Each structure stands twice: as structure tokens, then as C-alpha cells.
Amino acid sequence: MDSPFKTIALIGKPHHEGANQTLTGLHQYLTTRGFKVLVESRVAHTLGIMDENVMDLVQLGEQADLAIVVGGDGNMLGAARVLSRFDVAVIGVNRGNLGFLTDLSPQDYLLPLEQVLSGHYKSEHRFLLEAAVYRHGERKSSNLAVNEAVLHPGKIAHMIEFEVYIDGSFMYSQRSDGIIVATPTGSTAYSLSAGGAILTPKLNAITLVPMFPHTLSSRPIVLDADSEVRLLVSPDNQDDAMQVSCDGQVTLAVHPGDEILIKKSKHKLHLVHPLDYSYFHVLRNKLGWGSKLF
């Protein structure tokens, strides 16, 4: 097959029977068609593959042209935070629940995948956020987020106080359960559950969504994605186990008086889709919107 992709990485959901079946089928399909197939180490161990083509996510990103992620959106998010640092295209086979980011059905993924491998696909780039925690002016920790960065308390049902600055300008102070800073990709995730607006993927925008604020006037706001969001945590907070959560998978410790900077990352996730992909079809299907009347 004459393909724009020569080296393909397989990344998956370890110890998941359905995902393992799909990964095994993909490995056989790709190797018999002459592709160089690299396998994520956790997946390889589960499938019993032990050779020089087994490697970690960073090595996969350095060597692969295309990465196929088999699992749910959580698996895609974990892989995407690493793969976004490299010029590698990513497509997903859904073996999770909603599957906003994993286009291909596990029942009939071969035909659309074959079209993608032959060079017939749609391509898009999704920006990520970078969240960093500063303490007494020193950068203590940082990470990337595909969906959202969330400041939240460490104690259940315990409000925290903080100030919000946009590009250095004070916006408001807030007493709440925290705040969500979401990308367009993340606007259909935690942000949506908290009452935030859905942002279409091509928008250069982010949304700030308060979490149970102790006021009737605080509402979500949409900002230019090139804005720098600064959260100044009140030193009077009694909770010393606060966190910034990136995609619900990576946590950064936050203490009273800390400062959190959230801004658009220089890294982008390169997604590829089948030619019949439609973002609004995905929304309609995943969120249960009404179908056409006539």
C-alpha cells in the first residue's frame, strides 16, 4: 500500500479484553501490509509482544508517523499530552464510553482506517494548555492539559478563595469549589457538566467555568485563547491539599498563597479523521441531540 504513513504506533488500554482484541487485530493487519509497527510497552506486555519495536510513549512519538490509540477518551488524553510534543498524527478506536476523541468503531474500523492509511483523511490540530504552579516566585510544577486545567480543593465540599487575573488585569475574586479552564476540546467534557458553553474545535478560545460559586452573578466566560490566566490563591485558605488537575489524570499540589499560571501551550495535538467525519454528528450522537425532522 502506498501510504503517507510508514511507521505506526499502537497505544491502548491495558488489561481490557475488548481493547486487547482490537490491538491484536490491528497488529496483524498492519504487519501483513508491510508497515513498521511500534507497540507501547504496557500494551506489548499484555499482548505478549517482546521485540525491539516495544517502547514507551516518548520513543513512539519520536519515531512514529501515525499513532492509533485503542481505548476511551482517557487513554487518548494520556497519550495526547505526550504525543503533542512530536509531529505525529493520531487517530483513535473507541473502546471506552462516549469517545469524543476516538472516531473509529471497534466493530468496523478497518475500512475507514484503510482510507486514512491510503492518504484519504481529514486533518486538524487542537491546542493544549500549560498549567504551572508558583510558590514564592519559584516554579514548583507544571504539566499540559488537552481538555482542561482545574483548580479544586483537596477536601470534599470545602470552598476555596482565589483571585482571577486575565493578562495581568484583575477580573474577580471568588469563593467556590474551584474553577475550570477548558480548551474547545475540553468544552464537551468536565466544563460541559459544570454548565460551560460548547466551543467548536477551530475556535481560538478558552472558557472559564466557576464550580459552585458562592454568588448568583458568577457565570462562565469565553476568552481569547492567547490570554494568560493567573489564579492567585488566598493565603487565608485553610486547605493545604488543594490541587490543579490536568485532564483529571495529572495533579499539581497547590498551597495557600500559591499562584497558578494557565496559558496556551506551544504544542498541538494532530488528529486525523475519516473523510466522513463531522464534529456536529459527533455531538448529536454522543449528547443525544434530536435528529433531522425532514
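Yeah, the Cβs are placed from backbone N, Cα and C, and that goes for glycine too.
The NAD(+) site in Swiss-Prot is built from Asp73, Gly74, Asn147, Glu148, Arg175, Asp177, Thr188, Ala189, Tyr190, Ser191, Leu192, Ser193, Gln249 plus one of His158, His255, namely His158. Secondary structure at Asp73 (NAD(+) binding site), taken from DSSP and collapsed to helix, strand or coil, is helix. Annotation for the binding-site residues Asn147, Ser191, Ser193: lowest Cβ count within 10 Å of the residue's own Cβ, Ser193.
Ala189 (NAD(+) binding site) counts 23 other C-beta atoms within 10 Å of its own C-beta, drawing on all protein chains shown.
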